[in-house]
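Enquirer: Pulled these features from TrEMBL for this protein:
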- 1-23: region 'Disordered' (REGION)
- 52-72: transmembrane segment (TRANSMEM)
- 92-117: transmembrane segment (TRANSMEM)
- 129-150: transmembrane segment (TRANSMEM)
- 156-182: transmembrane segment (TRANSMEM)
- 203-222: transmembrane segment (TRANSMEM)
- 234-253: transmembrane segment (TRANSMEM)
- 278-298: transmembrane segment (TRANSMEM)
- 318-336: transmembrane segment (TRANSMEM)
- 343-362: transmembrane segment (TRANSMEM)
- 374-396: transmembrane segment (TRANSMEM)
- 417-435: transmembrane segment (TRANSMEM)
- 477-497: transmembrane segment (TRANSMEM)
């Protein structure tokens with residue numbers, strides 16, 4: 001690291017590194033590049049004037065589109081499943097969307113984060129990122145309302161066309177604001193542009209393929225178990241074994257790619273696996289991604305199916321959680337510099353808040369009226385998720401080597417998306433295992449067709465309350481699953497434990 005004392009990392013609400021403080025330099029602030037390698041800061045990527053503001057607005061638009069789409073889809077999911085035939089497909093839809101998000105939207109999100117730490121000096125990163133974090137708040141607030149409004153007044157297909165005009169605007173801004181040859185546009189000698197074959201030779205196609213196949217096999221196994229297949233079925237057992245075998249082959253391949261002296265860039269550098277701090281950060285992001293994904297996916301469903309709300313009102317009831325997670329992350333970022341609390345302690349505090357919040361959410365009954373205390377439970381869980389999410393991202397630049405900063409930020413977003421997809425798959429299997437079996441016991445032959453909004457009103461009056469209780473219990477079990485995810489984040493935080501802790505600046 002180049003210093004005897006451990007150093008301090010600050011982070012903005014988007015999870016980007018700010019400035020660092022070395023405990024043996026009498027409070028002097030230093031940039032990340034000075035700490036992580038004792039090198040002068042690379043200014044080749046800095047932008048100025050109108051280009052800087054165009055790119056800053058572009059990054060905010062990217063953040064907004066990625067975040068708002070997740071909120072829109074989760075709010076509209078009941079309408080989508082009604083149209084394509086069967087509530088059992090809901091988990092498939094969301095998992096497939098999140099896997100696609102990890103490849104597409106997640107890549108855009110990661111590129112925005114990487115670009116943000118390049119366009120301004122290190123001392124200005126926190127302020128610039130604070131401005132861009134406004135887009136997260138807007139997306140969290142507007143997403144559920146937009147999704148509900150689209151489903152009520154037009155077809156749900158428009159939720160996927162919503163970002164097309166915004167995306168075209170972003171492409172135009174990128175072409176105008178990002179200089180040709182960036183980040184080496186001001187170099188005295190222009191670098192030779194890499195050929196297509198050279199670029200392709202750097203891509204770890206085999207690693208990407210194995211990562212995708214392993215994730216798909218695991219998600220597929222849990223999506224269908226307790227619905228179409230039992231736990232001891234060949235379908236479930238074979239897919240889980242295949243997933244684990246591919247994962248093992250992936251680790252062996254990534255070790256080989258990382259250790260050999262070649263041009264190929266590993267999708268999961270072996271350095272991340274053997275470096276305890278980085279492994280803990282990635283595991284924590286995977287787990288908190290699961291908590292965020294399941295909550296955003298299941299709570300709007302609960303409000304629609306148990307509390308009989310329409311899509312707009314169901315989305316609005318999720319705002320306490322979304323707002324608390326965003327604001328909680330922003331507040332903890334501002335508190336970093338004041339209290340100098342080690343990041344490990346902050347992550348553990350966030351995990352404990354999640355355990356408490358989700359345990360309380362798992363106690364809700366089947367009443368059609370939503371008690372005000374539920375919003376308080378959402379806030380507790382949301383603040384916990386926001387604190388953990390921000391703190392884990394803040395630790396990534398410290399845990400990774402300087403050469404791995406870009407890859408570390410990128411893979412962090414991928415792990416969050418993977419955690420969401422796989423946690424939703426596991427949650428759906430728990431929900432189906434309870435709900436489908438219990439509804440059949442009540443004499444409902446095809447429970448999946450009766451679960452969707454409006455179907456309960458066609459049931460005999462004596463069954464409606466029983467169905468409501470069954471659905472409420474199914475959602476409660478998923479909240480209790482997230483208690484386990486919160487507890488596991490404590491273990492991830494302990495993996496990052498050091499004799500001299502990582503401190504926020």
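FYI, residue positions are counted from 1 along the chain as it appears here.
The backbone N, Cα and C atoms fix where each Cβ goes, and this holds for glycine too.
Keep in mind that TrEMBL annotations are predicted by a computer and have not been checked by a curator.
Source: prediction; values computed, not measured.
Describe the structural context of these features.
Expert: Within the same chain, residues 206-207, 210-211, 213-215, 217-218, 220-221, 224-225, 228, 268, 273 sit at least 6 positions outside the transmembrane segment (234-253) and bring their C-beta atoms closer than 8 Å to a C-beta of that stretch.
Taking Cβ pairs closer than 8 Å, the transmembrane segment (278-298) reaches residues 70-71, 74, 77, 94, 98, 271-272, 318, 321-322, 325, 347, 350, 354, 358, 381, 385, 388-389, 392-393, 395-396, 399-400, 408, 411-412, 415-424, 427, 431, 475, 478-479, 481-482, 485-486, 488-489, 491-496 in its own chain, all 6 or more past its ends.
Listed as Cβ neighbours of the transmembrane segment (477-497) (distance under 8 Å, sequence separation of 6 or more from its ends, same chain) are residues 276-277, 279-281, 283-284, 287-288, 290-291, 294-295, 298, 343-344, 347-348, 350-355, 358-359, 361-362, 381, 384, 388, 392, 395, 399, 423, 426-427, 430-431, 434.
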Enquirer: What residues in the same chain, six or more past the boundaries of the transmembrane segment (374-396), come closer than 8 Å to it by Cβ-Cβ distance?
Expert: 9-11, 13-17, 277-278, 281, 284-285, 288, 291-292, 295, 299, 317-318, 320-330, 332-333, 336, 343, 346-347, 349-358, 360-361, 364, 408-409, 412, 416, 482, 486, 489, 492, 496, 502, 504
Enquirer: Under an 8 Å Cβ to Cβ limit, what residues of the same chain, 6 or more beyond the ends of the transmembrane segment (203-222), are close to it?
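Expert: Same-chain residues near the transmembrane segment (203-222) but 6 or more away: 95, 99, 103, 235-236, 239-240, 242-244, 246-247, 249-250, 253-254, 257, 264-268, 418, 421-422, 425-426, 428-429.
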